[in-house]
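Take a look at the structure set out below.
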Ligand SMILES: O=C[C@H](O)[C@H](O)COP(=O)(O)O
Ligand SMILES: C=C(OP(=O)(O)O)C(=O)O
């Protein structure tokens, strides 16, 4: 079995053998399952269930990512930090899709180019953690690793990793994706309706500063409708899903050989990313994802060197395939202006054209004295601005944003036009892991990014 292989000219047996090569490598952030036989049975069951996405859709997204990397489109990726099984309700899924659609309209105007909409949804159930254990008082239990692994309740039973959750994760992803497809193809995404929702946002006096931009968008949308643009096209929209490819007992059985090409596709999602904690060059996650055809993202934190970025390109995109690789930078507002430009320079000179996306959330976490994990809206915006500045400085294209958000009126991040303060956090803090922007904060961010894009 080869250590690393290109996609072409391989027998099915070789492709399949390659998909298990990661088992011989160091692997991070996996749960300790109490019952190996039960995990094997769950993985086998998942392997027998239908794919969640079709390889042709994955190919189309790769083309879209390629166009964004060339500066001809902009990517919007967003959703929960950790999706939960209980949260896979019609209302919550609708609110998230609605928020992303609203943001996309605003960004489309700012970028004057198509926006690729990707929900961090239908599979974002596994979480990497800083510590394997959590202590409350004198009780220490395994950390919560996402609903696909264990429960959030702080009891030994709930925190034990339970392989039955793997199968439930599949079914919850399936029903979530089914509703997303219904919403985005069945009329809910109608541009005229989305535009009306956005009017609600800017009519709120708290958002008066966006009035001018909102009026310009209004004129542009009305012009488009008046030109008689294809009404069918206004009603539907392309929408993709993504999640962190973390939990191998789920990702491996969801990876199948495409009958059209004989190559491997991870059919759990259109787009998959590798997290900051699992992107070791010689580790299991990088090897496994180097062998699937999906467009792949890699998170790059503040310690990333130019050599790291170049080595990741060689490993994940040896053929320099357009749309294959996305770098999602999450440097922190204080560091991005220093750390990002040298990376952009080095990669620019390498001949490879990855899509550059900013995640302004993960480098800006703080914990309040009362114990709430939160982020300041101003820090998030500061990192976003730093991202645009760095690209302007180097002459590369700032191709997208990746944001933890929800469509609900939660109080998890500080600031924004509603001025959420520390005392308010407790009123509706629902995230089981990291804090998300709420509906209003998400739209406000879209307006500010749109302003940045029009510059
Ligand atoms: O979403 C990202 C990580 O899973 C999260 O930041 C880890 O949080 P922790 O440091 O509380 O484990
Ligand atoms: C864990 C995440 O991010 P990072 O790997 O950048 O910390 C995440 O996006 O959920």
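Glycine residues also receive a Cβ, built from the backbone N, Cα and C atoms like all the rest.
Annotations in TrEMBL come from automatic prediction, not curation.
DSSP classifies residue 81 (Mn(2+) binding site) as coil under the three-state reduction. Summarising the annotation, TrEMBL assigns Mn(2+) binding site to 81, 362, 404, 434.
Taken from TrEMBL, the feature phosphoenolpyruvate binding site covers 120, 276, 277, 299, 330. Non-local contacts of residue 120 (phosphoenolpyruvate binding site) by the CB criterion (under 8 A, 6+ apart in sequence, same chain) comprise 77, 78, 79, 80, 241, 242, 243, 402, 404.
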Binding-site residues near ligand 2 among 299, 330, 404 (Cβ under 6 Å): 299, 330
For residue 434 (Mn(2+) binding site), nearby residues of its own chain (Cβ under 8 Å, 6 or more apart in sequence): 81, 82, 361, 362, 365, 373, 375, 404
Where the C-beta lies under 6 angstroms from ligand 1, the matching binding-site residues among 81, 120, 276, 404, 434: 81, 434
Cβ atoms near residue 330 (phosphoenolpyruvate binding site) (within 10 Å, other residues, all chains): 22
Candidates 276, 404: member of the binding-site residues with the richest Cβ shell (10 Å): 404
Any further residue of that chain within 8 Å (Cβ to the Cβ centroid of 81, 362, 404, 434) of the recorded Mn(2+) site: 361, 365, 431, 433, 435, 436
Nonlocal neighbours by CB distance (under 8 Å) for residue 299 (phosphoenolpyruvate binding site), same chain, sequence gap 6 or more: 273, 274, 275, 276, 279, 328, 329, 330, 359, 362
Number of other Cβ atoms within 10 Å of the Cβ of residue 81 (Mn(2+) binding site) across all protein chains: 21
